[in-house]
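Novice: Have a look at the structure that comes next, please.
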Amino acid sequence: MMSTLKLFTFFVIFLGLSVQLEAQLQVDYYENTCRIAEYIVKDEVKKAFFRDKGLVAGLVRMHFHDCFVRGCDGSILIDSTSSNTAEKDSPVNKPSLRGFEIIDNAKTRIEAMCEGVVSCADIIAFAARDSIEITGGIGYDVPAGRKDGRASLASEVLANIPAPTFNLNQLTQSFASKGLTQEEMITLSGAHTIGRGHCTSFRSRLYNFSSTASQDPTLDANYAAQLKQQCPQTNNDPNLVVPMDPESPSTTDVGYYSGIQANRGLFTSDQTLLSSPATANLVDQNVKNEDLWQEKFAAAMVKMGQVNVLTGSAGEIRLKCRVPN
């Protein structure tokens, strides 16, 4: 009787460990099944970067927008159909989100070498890492083993993606809902060191700001004048863009934080990082110690890349990233 009980206890413990291990992502996950996958993704990112340096910033943003809606499951890649509007066609993502063709190209090449093995969600995570590295950030190991989700709903985007108009409390709560701390939020905001922002996302800071101020008083006056030239009040073109970090728009560095200290944060959600002594201190630390920020940024990207992932039998390996199997 005791032997049977011991055997049953061992089986329960073993089963629990198996479930736990199945749910964990692993570095070098494709080492024995598709070793070339990460090299292919890196090659496609390099080709995109030399074609248009701004595209790689889009891949970092894509990873963030994927993870914050339904978790890091590749749902951002799914195309809309006649009966469903997908995440990528939400006004939050369209027309601003770009780089889908880079993921498509990588997936096509990987499928030709290792059919049905590498998930689209993992390809996004690899591509984001490679984008950071090619723009001057530090490389880091990406734990993999994500499965792809089968659903993508535009209606879920607005409630999950932090808006450029968010204040500090709203940002903190948004990231906390994904298991990320306020310090990690400030660290990850540094992704705005590369890429571009659409005029429509900050126009309200430039014109008719309030009943007492024509423009946002927290915005440097010279910078505001420059932005007004780039984003005229009468031009409502949704594709009009400016660099988010004009001093080094294609380099992953701490210029973003220096800009905030000079009241040159592009979005309200950028400048608001100075609105409390604790967060202003973190911004200052990042400016003074770029190496430390780079390390924290890499660690925060790894943590964000594990938000609500699907593993094991919970998802699938899409054969084409734009369409569930």
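Each residue, glycine too, has its Cβ placed from N, Cα and C.
OK, TrEMBL features for this one:
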SIGNAL    1-23  signal peptide
DOMAIN    24-325  domain 'Plant heme peroxidase family profile'
DISULFID  Cys34-Cys114  disulfide bond
SITE      Arg61  site 'Transition state stabilizer'
ACT_SITE  His65  active site, proton acceptor
BINDING   Asp66, Val69, Gly71, Asp73, Ser75, Glu87  Ca(2+) 1 binding site
DISULFID  Cys67-Cys72  disulfide bond
DISULFID  Cys120-Cys321  disulfide bond
BINDING   Pro162  substrate binding site
BINDING   His192  heme b binding site
BINDING   Thr193, Asp245, Asp253  Ca(2+) 2 binding site
DISULFID  Cys199-Cys231  disulfide bond
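Looking at the shown structure, what environment does each listed feature sit in?
Specialist: Across the domain 'Plant heme peroxidase family profile' (24-325), mean pLDDT in this model comes to 97.
Taking a C-beta cut-off of under 8 Å and a sequence gap of six or more, Cys34 (disulfide bond) has these contacts in its own chain: Ile110, Met113, Cys114, Val117, Val118.
For Arg61 (site 'Transition state stabilizer'), other Cβ atoms within 10 Å of its Cβ number 22.
Counting every protein chain shown, the Cβ of His65 (active site, proton acceptor) has 22 other Cβ atoms within 10 Å.
Listed in sequence order, Lys178, Met304, Gly305, Val307, Asn308 are the same-chain residues six or more apart from Cys67 (disulfide bond) with CB atoms under 8 A from its CB.
Counting Cβ atoms from all protein chains shown, Cys321 (disulfide bond) has 24 others lying within 10 Å of its own Cβ.
Pro162 (substrate binding site) is surrounded by 20 other CB atoms, counting those within 10 A of its CB over all protein chains shown.
Spatially close to His192 (heme b binding site) yet at least six residues away along the chain are Met244, Asp245, Tyr256, Leu266, Phe267, Asp270, judged by Cβ distances under 8 angstroms.
Within 10 Å of the C-beta of Cys231 (disulfide bond) we count 23 further C-beta atoms, all protein chains included.
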Novice: Of His65, Pro162, Cys199, which is closest to Cys72 (disulfide bond) if I measure between C-alpha atoms? They're all recorded positions.
Specialist: His65
Novice: Sort the recorded positions Pro162, Thr193, Cys231, Asp253 by C-alpha distance from Asp73 (Ca(2+) 1 binding site) and give me just the closest.
Specialist: Pro162
Novice: Go through the recorded positions Glu87, Asp253, Cys321 and tell me which ones have a CA within 10 A of the CA of His65 (active site, proton acceptor).
Specialist: Glu87
Novice: Is it possible to get the count of other C-beta atoms within 10 angstroms of the C-beta of Gly71 (Ca(2+) 1 binding site)?
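Specialist: Step by step: centre on the Cβ of Gly71 (Ca(2+) 1 binding site), count other Cβ atoms within 10 Å, giving 20.
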Novice: How many neighbouring Cβ atoms, not counting its own, are there within 10 Å of the Cβ of Thr193 (Ca(2+) 2 binding site)?
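Specialist: Its Cβ has 29 other Cβ atoms within 10 Å.
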Novice: Taking Cα atoms as reference points, rank the recorded positions Arg61, Asp66, Pro162, Cys231, Asp253 by distance from Cys120 (disulfide bond) and give the first.
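Specialist: Nearest listed residue in space: Asp66.
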